[in-house]
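Everything on this sheet refers to the single structure shown next.
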Amino acid sequence: MKLKESQQQSNRLSNEDLVPLGQEKRTWKAMNFASIWMGCIHNIPTYATVGGLIAIGLSPWQVLAIIITASLILFGALALNGHAGTKYGLPFPVIIRASYGIYGANIPALLRAFTAIMWLGIQTFAGSTALNILLLNMWPGWGEIGGEWNILGIHLSGLLSFVFFWAIHLLVLHHGMESIKRFEVWAGPLVYLVFGGMVWWAVDIAGGLGPIYSQPGKFHTFSETFWPFAAGVTGIIGIWATLILNIPDFTRFAETQKEQIKGQFYGLPGTFALFAFASITVTSGSQVAFGEPIWDVVDILARFDNPYVIVLSVITLCIATISVNVAANIVSPAYDIANALPKYINFKRGSFITALLALFTVPWKLMESATSVYAFLGLIGGMLGPVAGVMMADYFIIRKRELSVDDLYSETGRYVYWKGYNYRAFAATMLGALISLIGMYVPVLKSLYDISWFVGVLISFLFYIVLMRVHPPASLAIETVEHAQVRQAE
């Protein structure tokens, strides 16, 4: 699908990274998408989130049910939101122009970019803690660097590990999207080695799977379990709230819809359930071994005394962290930043700007406890859920999966609305965010905050449809006629 020459030459709304991909560049098969998920899921913060569910009192079986439920919902959301990317070869920042306007799209795109950059900082810090353990084992004096000097609450050795691990990401970014595809193919499966070994250790030290999975939770009745269960599902989805939005950045490379849907199904529910089994087993095993559930896998590694195990485990965890960072937390904001200033910034420049901003996120504060992690995830869900709701309502209900590609790059086309902004999309987004996040400040409505992603998606989805029906833009009438003519021709 090609643009008109006028759109191709416009620097205000396009550059070579934002225009539709030609069919010759759409080469990703199901295995490529499955590999992305294998790499993304197996990482330290995901383990911490799953382990945190055990730590707050849910039983192993309850946690496993939470993971399976969340992964199936994620699969559905990703397959739906990725449809337009595959059909038109477009990235997220361009697709969202249809609902928010050609200029208004920059606001949710940059919001999503900010969230991804925060996640990039968190993931990079998590990987750097593993690297720090490796350096402490190789060089015992590493922890004494700087004496008692702390910078913003982190020891100098930890800060140096953070910066060094951050710099490794730049090597992968230097080679662009094709290197990301190749990296993901082997990075994900490699992580199974470490978590498989840790499961073996946990089962051995606990005396089998029976003692691990027979541990009771503190929630017994349905009424006691429902809200922790729902909050857990929301927390898991919150981890991937950014990727739900920017999945078109990847599905635009798919050969067909079938390939992206199959790949995400193979790579998400099954892989996530397997990872959940490993996380639950290791966390519960740590409770048997150390008298308390340890929700951070790096803390468990720090208690091992075999240097070979530590070296192999740390290297693999670092690879896994780079894998998820590049796929989930760098690609998306890179496109978003390029979309905001396409005349000056392409995908590669956006990638390096993203990496640079992640240095200033102070992520060690967010990783202090399971409580702080879940507070952050709830906030993410409340902010990004409404954007996903608007996107799906616009594409599937209002547009009926039909977009005018040329108009997405036009300053005089149907997606200009009012000076480039569609107030209906912003009103629906703000209402969804307000209702989903109000529980942070109003205790009686805390239950809404516990399921913030679902509330945000549902409210914005419905309200956007209402606004587009009650006060439709003039361009929508033209689209309705065009759709009717197409159906008659068929």
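Any Cβ shown, glycine's included, is placed from N, Cα and C.
Some features that Swiss-Prot has for this protein:
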TRANSMEM  36-56  transmembrane segment
TRANSMEM  60-80  transmembrane segment
TRANSMEM  116-136  transmembrane segment
TRANSMEM  151-171  transmembrane segment
TRANSMEM  190-210  transmembrane segment
TRANSMEM  225-245  transmembrane segment
TRANSMEM  265-285  transmembrane segment
TRANSMEM  308-328  transmembrane segment
TRANSMEM  350-370  transmembrane segment
TRANSMEM  373-393  transmembrane segment
TRANSMEM  425-445  transmembrane segment
TRANSMEM  448-468  transmembrane segment
Recorded stretch, among 151-171, 190-210, 225-245, 265-285, 425-445, maximising Cβ pairs under 8 Å relative to the transmembrane segment (350-370): 151-171
Against the transmembrane segment (265-285), which of these stretches has the most C-beta pairs under 8 Å: 60-80, 190-210, 308-328, 425-445, 448-468? 60-80
With Cβ-Cβ distances below 8 Å as the criterion, list the same-chain residues six or more beyond the ends of the transmembrane segment (36-56) that contact it, or say none. 62-63, 66-67, 122-123, 126-127, 129-130, 184, 187-189, 191-192, 195, 228, 232, 235-236, 239-240, 243, 250, 263-264, 267-268, 271-272, 275-276, 279-280, 282-284, 287, 293-298, 317, 320-321, 323-324, 327-328, 367, 370, 373-374, 377
Maximum Cβ pairs under 8 Å to the transmembrane segment (308-328) - stretch from the list 60-80, 116-136, 190-210, 225-245, 448-468: 116-136
So which residues does the transmembrane segment (151-171) touch in its own chain, when a touch means Cβ under 8 Å and the partner is 6 or more beyond its ends? 124-125, 127-129, 131-132, 135-136, 142-145, 318, 321-322, 325-326, 330, 352, 355, 358-359, 362, 364-365
Out of 190-210, 225-245, 448-468, what stretch is closest in contact terms to the transmembrane segment (60-80), meaning most Cβ pairs under 8 angstroms? 225-245
